[in-house]
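Record features (TrEMBL):
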type	residues	note
COMPBIAS	334-363	compositional bias 'Polar residues'
REGION	323-363	region 'Disordered'
TRANSMEM	86-104	transmembrane segment
TRANSMEM	154-175	transmembrane segment
TRANSMEM	196-217	transmembrane segment
TRANSMEM	237-257	transmembrane segment
TRANSMEM	269-291	transmembrane segment
Amino acid sequence: RCVEVLYIYFRAGRVEEPYVSITKKRQMPKDGHSEEVEKEVGQAEGKLCTHRSAFSRASVIQAFLGSAPQLTLQLYICVLQQDITAARSIFMVLSLLSIVYGALRCNILAIKIKYDDYDINVKPTAYLCIFLWRSFEIATRVTVLVLFSSVLQIWILPVVLVNLFVFFFYPWVLFCQSKSPFPENIEKALSRVGTTIALCLLTLLYAGINMFCWSAVQLKLNDPDLISKSQNWYRLTVYYMLRFIENAFLLLMWYVYRTDTYLYVCAPLLVLQLLLGYCMAVFFMLVFYQFCHPCKKLFSSSVSEGLLSCCKFLCFLCKPPKSSKLVDKADSKSPANTDEAWSSSKTTNSQNRNPHRSVSSNA
């Protein structure tokens with residue numbers, strides 16, 4: 001692909017192309033109106049766009065099936081040896097940047113797939129927000145996994161397998177619930193077995209991404225494009241809540257079973273820093289979706305509205321029922337009940353004192 005891209009790039013413009021294709025893209029709505037813009041795309045430019053998309057997908061595969069396990073292993077070795085060499089630190093930084101770049105490309109791919117009809121222009125502030133969001137999220141996730149595995153080596157295997165199996169089978173469960181026919185139009189040259197293997201590899205990549213961070217591209221096997229084009233805020237919220245709880249639980253287990261290796265480490269401060277780092281990732285994600293998303297004008301509801309509705313729902317759950325409040329107020333404010341209680345207490349006291357008075361008078 002690289003050789004073909006260079007060949008097409010250096011020959012572009014020298015030879016007149018026999019035909020061009022016309023694409024139609026809609027602009028982002030301004031004042032409630034959006035216009036369609038026609039653009040001529042030459043044969044060379046179309047091939048370059050195809051190769052660019054392939055490079056983007058390859059960077060995602062390389063990041064989460066190559067760099068992510070490599071970074072986890074290198075950090076695990078550094079923790080056990082209590083030593084970080086210059087070469088190892090350089091490789092770890094490069095692996096982290098590779099994973100963050102893959103996650104960033106995954107976000108851009110998701111935006112372009114979901115809003116394919118629009119002419120999308122991603123601003124530098126959006127890239128910066130995505131970079132900070134993914135950096136905090138991936139760095140804290142890898143550190144939590146390494147800390148937990150350094151004290152409970154055996155129990156890290158169930159944690160990894162549960163995460164992989166849940167995210168691997170989740171698209172298949174949704175596909176079975178939809179009762180859709182088996183997808184046959186992925187590749188004409190593939191048989192039914194080959195299509196199944198391709199879909200399994202795709203769901204494996206999806207599970208590997210969700211192991212370390214939120215996958216912006218959501219699989220939908222009953223869709224012809226295999227990608228869900230709807231913005232599911234509920235799924236996003238559930239993922240980050242469960243991931244935060246899981247990270248907190250793994251850090252708690254590390255804090256309880258930590259060994260003498262961490263004798264010179266302030267464990268409470270480290271736990272607090274990792275939890276705050278994950279919260280910072282969520283913060284930059286909210287900033288991106290609220291202010292920097294290139295297609296935020298097309299959202300049916302914004303992030304602030306969703307947070308406001310969640311706060312209202314939590315306040316509604318925390319409030320006591322109104323019936324008990326009314327009963328308490330009625331009991332405290334009714335003067336008739338208080339007067340009757342006061343008079344009844346007086347009569348009982350007088351009745352209790354009468355026999356004593358008769359006895360003293362007889363004496």
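Glycine is treated like the rest: Cβ placed from N, Cα and C.
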If we skip the immediate neighbours and take only residues 6+ beyond the ends of the transmembrane segment (154-175), which ones have a Cβ under 8 Å from one of its Cβ atoms? 145, 148, 203-204, 206-208, 210-211, 219-222, 250, 253
Take the transmembrane segment (269-291) and find every residue of the same chain, 6 or more past its ends, with a Cβ under 8 Å from one of its Cβ atoms. 125-126, 129-130, 132-137, 139-141, 143-144, 214, 240, 243-244, 247-248, 251-252, 255, 302-304, 307
